[in-house]
Amino acid sequence: MKFGKEFSSQMVPEWQQAYMDYDFLKTLLKEIITFKRRTNNAPSHGGAKTGGGLNRKLTLYRAFSGLVSTPRHKRSNSSHDVEEGVQLTGSMRSGPILVNTTASHGYETTFLMAAEEGGEYELVFFRRLDDEFNKVDKFYRKKVEEVLKEAAMLNKQMDALIAFRVKVENPDGWRWEERTVEMTRLASDIATSAAALSASTPAGAKSMKVRSQEHMEAIQEGGSSRAGLMEDDEEDEDEQNETSVVSTGAIDNETTTSRMRGARPSPIDVLGRVKINNTKETPRSTIKGVLKVSKQTDLKFSRENLMKVEESLKRAFIEFYQKLRLLKSYSFLNVLAFSKILKKYDKITSRDATKPYMKVVDSSYLGSSDEVMRLMERVEATFIKHFANANRAKAMNILRPKAKRERHRITFSTGFSAGCVFSLIVALVAIIRTRNLLEMEGQKEYMNTMFPLYSLFGFIVLHIIVYAANIYYWRRYRVNYSFIFGFKQGTELGYRQVLLVGFSIGVLALLCVLANLDMEADPKTKAYQARTEILPLILLAAMFIVLVLPFNYFYRSSRFFFLTCLFHCLAAPLYKVTLPDFFLGDQLTSQVQAIRSIEFYICYYGWGDFRHRKSTCKESDVYNTFFFIVAVIPYVSRLLQCLRRLFEEKNPEQGYNGLKYFLTIVAVCLRTAYSIQKGQVAWRVLAAVFSFIAAIFCTYWDFVHDWGLLNRTSKNRWLRDKLLVPQKKVYFIAMVLNVLLRFAWIQTVLDFNFSFMHRQTMVAIVASLEIIRRGIWNFFRLENEHLNNVGKYRAFKSVPLPFNYDEDDDKDN
């Protein structure tokens with residue numbers, strides 16, 4: 001794989017704009033190549049023409065630069081002014097560039113051969129190279145500042161956690177003074193990092209105050225109640241051997257350490273300055289918030305609270321470690337990219353610019369700072385002791401989860417199950433045609449009873465396949481869907497796993513259909529009609545059991561994630577609304593017919609109609625009432641979620657979004673009323689009017705708010721500025737399909753009847769079209785969300801911390 005593709009694949013998706021623009025710099029190099037070719041092919045001043053048989057390298061590069069007779073080894077070595085951060089050259093022969101540092105513009109390169117023919121192209125290249133270098137260095141510096149501040153906060157959290165442990169497990173206390181050597185170690189690292197950051201900042205541009213770092217607290221490295229002190233001696237020995245690299249203006253570590261030792265409070269004093277930050281969202285806490293009941297923030301020293309605090313802080317450390325890993329990767333990739341692009345430049349121009357420029361890169365904050373590495377080491381040590389019971393292997397498996405490998409057996413199983421589905425569909429069609437089942441007596445009863453039962457599995461399988469297609473294209477266009485949904489790293493399913501689940505359900509459902517038809521045709525088993533009717537119920541019960549199975553089989557983390565989001569949707573607005581919750585709520589709005597099929601299951605089997613294959617459900621007022629209710633449950637859930645967000649965020653857009661779902665609820669109720677009472681003109685007119693209004697509103701919201709399109713001032717007219725799919729026509733096709741598929745409801749109002757198609761078949765087709773429309777919506781909705789994250793450089797999740805420090809005490813410290 002070429003470096004450009006490898007570079008793009010290794011980027012943090014949300015930081016794409018902050019990386020070096022490698023592709024654009026390559027285009028500038030191509031312009032230099034084009035100019036050289038054009039120059040070398042032009043006739044010389046003496047009338048002689050360049051011979052076509054000359055060596056390409058000599059003709060294209062060396063003849064142009066005038067370096068053919070100047071061997072590289074004769075060039076004088078360039079000198080460095082380390083103090084000023086300037087790359088100096090003794091003469092033009094000693095190097096083609098001069099790199100210096102300015103307070104206002106950062107790094108600037110002077111191209112010393114701009115007067116040569118074609119030098120303006122190389123001058124443009126170095127100007128853009130400087131812009132990219134300054135951009136990358138500034139971004140990296142900013143992110144390191146952020147993690148240093150977060151590390152200081154985690155220090156305080158660990159102080160409180162250790163004091164909490166002492167209070168819970170050893171109320172009499174312990175000898176705090178004996179542990180001060182270990183407690184100051186991380187604080188020393190952070191103070192050194194802050195000093196190095198400050199010293200490496202150009203004059204007048206320092207954004208970090210050294211004094212603010214002097215009071216950073218240290219993570220106490222003492223053994224927890226669960227972990228022994230087996231590593232204490234080793235760490236003390238490492239501490240003596242550890243050296244700190246501090247630039248000019250750095251804080252003296254010993255002074256800082258002694259200052260912190262003197263200022264460090266005892267464990268009891270620490271607990272007196274903190275309160276529990278109860279971030280767990282429950283219906284009870286929501287109701288208390290509405291009633292303005294004060295939250296319980298006093299510390300209760302119980303093992304249950306200790307476990308909650310440890311789990312919360314454990315998640316915070318895991319997320320913090322992931323930030324450090326991404327920053328480390330960011331620094332390494334960009335330094336490597338600068339090296340690669342400069343080597344390409346040297347190869348094209350036969351100059352020697354890589355060495356002097358890379359010396360500047362290596363000596364810059366981007367290439368020389370080791371704050372991230374030191375923080376990673378300290379986080380690892382802390383996590384091993386306090387959250388992994390001194391088990392390094394266990395801790396590293398948590399901090400560095402292994403990437404999921406694509407297994408051949410999954411691919412084989414997916415392909416095999418897909419082939420089985422195709423074969424069973426062919427067999428089903430053949431049986432229906434050969435036995436002429438559509439013309440047999442009882443065909444209408446079968447379509448009114450068994451077809452709705454089995455169509456439920458069809459809706460589920462279709463939605464799963466559509467979701468698998470979404471995952472495939474999200475990965476193809478580098479939409480970070482696992483981060484957006486909040487999947488635990490290493491547990492997200494790929495499209496092959498999702499397809500395997502869908503095709504497996506499809507195989508079982510089709511086998512049940514064929515078994516049912518076969519038993520219907522066999523005179524020996526036809527008498528056991530009640531038993532044959534129960535096959536779909538058995539399959540549905542088996543699916544439910546697998547879904548709620550607590551054992552670690554069949555993708556347990558994904559199943560529990562789905563059940564959690566589903567419960568949050570049903571319990572709206574008692575839970576804080578997150579993107580996975582309202583995303584699943586939108587999926588449910590496209591599965592209204594499937595939800596009605598579940599209602600039919602309850603009626604058909606609960607009231608005993610399956611014994612006679614005769615449905616009396618529609619004759620029941622209770623069934624008809626719930627026929628209304630179940631259809632609007634997903635929309636009511638989304639409406640309540642919008643109201644919850646409107647109440648919390650005070651964002652009027654959520655009110656308009658809620659109005660959209662309210663109009664949809666009215667339209668669905670009117671269409672349902674008309675489907676029950678055919679021939680009522682009033683119901684028909686009202687259903688058509690409200691359905692049209694709701695469809696227009698929903699379509700506009702899809703395009704403008706959910707997809708971010710229809711922007712007239714965009715550089716991509718009527719779309720948006722940033723597009724992940726390079727073919728613009730895809731967006732216009734998607735908008736047209738969205739409109740056509742959304743208006744599929746029109747058949748319920750205009751009573752389209754086809755002699756060759758049963759009404760239940762028409763209902764199933766319309767429901768399937770809505771599922772397909774939802775799949776199209778899914779891709780562009782997450783694309784827009786991903787681009788919003790990219791615009792805000794949002795690559796991390798915010799993890800709430802378990803303790804809140806008093807503000808007054810923080811200011812004093």
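Here the Cβ of each residue, glycine as well, is placed from N, Cα and C on the backbone.
Annotated by Swiss-Prot as transmembrane segment, the relevant range among 412-432, 622-642, 664-684 is 412-432. Going by Swiss-Prot topology annotations, Gln443 is found across the membrane from Tyr473. The transmembrane segment (451-471) is not in contact with the transmembrane segment (730-750), judged by fewer than 3 CB-CB distances under 8 Å for residue pairs 6 or more apart in sequence. Mean pLDDT of the predicted structure over the topological domain 'Cytoplasmic' (555-684): 91. Outside the transmembrane segment (730-750) by six or more residues, the chain places 671, 674-675, 684, 687-688, 691, 695, 698-699, 702-703, 709, 718-719, 723, 762, 766, 769-770, 772-773, 776-777, 780 with a CB less than 8 A from a CB of the stretch.
Sequence-remote contacts of a segment are chain residues at least 6 beyond its ends whose Cβ falls under 8 Å from one of its Cβ atoms, and for the transmembrane segment (412-432) they are 438, 496-497, 499-500, 503-504, 506-507, 510-511, 513-514, 517. Taken through DSSP, the topological domain 'Cytoplasmic' (555-684) splits into 105 helix, 0 strand, 25 coil.
If one looks beyond the topological domain 'Cytoplasmic' (472-496) by at least 6 residues along the same chain, the residues whose Cβ comes under 8 Å of a Cβ in the stretch are 13-14, 322, 401-404, 406, 410-411, 414, 555, 557-558, 561, 578-580, 583, 724-725, 779, 782-783, 785-786, 789, 795, 797.
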